[in-house]
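Here is what Swiss-Prot says about this protein:
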type	residues	note
ACT_SITE	TYR50	active site, proton donor
BINDING	HIS112	substrate binding site
BINDING	166-167, 215-224, 271-281	NAD(+) binding site
SITE	LYS79	site 'Lowers pKa of active site Tyr'
Amino acid sequence: MSTPTVKLNSGYEMPLVGFGLWKVNNDTCADQVYEAIKAGYRLFDGACDYGNEVECGQGVARAIKEGIVKREDLFIVSKLWNSFHDSERVEPICRKQLADWGVDYFDLYIVHFPIALKYVDPAVRYPPGWMSENDKLEFSNTPIHETWAAMEKLVDLKLARSIGVSNFSAQLLMDLLRYARVRPSTLQIEHHPYLTQKRLVDYAQKEGLAVTAYSSFGPLSFLELNLKDAHETPLLFEHPAITAIAEKHGKTPAQVLLRWATQRKVAVIPKSNNPTRLAQNLDVTSFNLEASEIESISALDRNLRFNDPLAITNFVSSLCAQYGFYAPIF
């Protein structure tokens, strides 16, 4: 089974449906990547912060060794973590991540957050997470334009074919596009019916960036993180507006949610270790929703963001003590 692609402004084709690697356990990660490749997945969305890139690479290596795919058949994505925004840190950490994956280049390398944190030596702690060695949130003074110049050099060195950003606002994109020598190819954001971010999506696509949605199922991804909003928000899988559309089309609620995105040219990166759901998630471009159905799903928007790292990691209180105010990321 294959999936349609979207052409990036770098000239490369990116699959509209991929496999997300956030919260994939190290013990099962290699097997999950391998099975996903066998099922037809070609895009794998990883990151330094996920802490499983070595295992991801093992799954890829096994599939290549068995002749299931060639490296050029895959679209491998990784991300630059906040602790490595200093311009001199970007290339070395990218090379480390490539070595962890066991590949020579990333198809797409993304700035994970528009936040520069104090450098943490990978030999001391890897992945670094949000906190520095003294268990505090410590920022670096490195501006985005310096980090982006170092990202552009990765393209020059052929370490990354395309580069992009994640969790950027429209204002940050506007600024970045004023000076970028190599334009960002993609914007990855939290995007689901409870957080449609329509104006941001429209702006990014108008500027020629492909948009990728993470957490397409809304609160479901965050239940295990003990996030209050996730537990108090109705699951999209059970929402009457979603289940009615799913029943009409003979599809699962998950497929409807993913199709709501892909039909608007927004890429998705769900994950599953269930073979049936793996196939179902990949098969979300073979049917079309009616315009009225897309509108009714979009009308569920609450501007409700679940991926607020400050809330998830429970260090709001330490920030308040340190700075005397709440330091929001979004």
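Placement of Cβ uses the backbone N, Cα and C atoms for every residue, glycine included.
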Other CB atoms, at most 10 A from the CB of ARG277 (NAD(+) binding site): 16
Cβ atoms near ASN274 (NAD(+) binding site) (within 10 Å, other residues, all chains): 10
Local backbone state of the residue listed as 'substrate binding site', from DSSP in three classes: coil
Alpha-carbon spacing, ASN274 (NAD(+) binding site) to the residue listed as 'active site, proton donor', which is rounded to whole Å: 21
Of the recorded positions listed as TYR50, LYS79, HIS112, the one whose CA lies nearest the CA of SER166 (NAD(+) binding site): HIS112
Using Cα positions only, nearest of the recorded positions to ARG277 (NAD(+) binding site) (TYR50, LYS79, HIS112): TYR50
Those binding-site residues of HIS112, SER216, PRO219, PHE222, LYS271, GLN280 having Cα within 10 angstroms of LYS79 (site 'Lowers pKa of active site Tyr'): HIS112
Intrachain C-beta neighbours of PRO219 (NAD(+) binding site), sequence separation six or more, cut-off 8 angstroms: TYR194, LEU227, ASP229, ALA230, HIS231, THR233, PRO234, LEU235, LEU236, PHE306
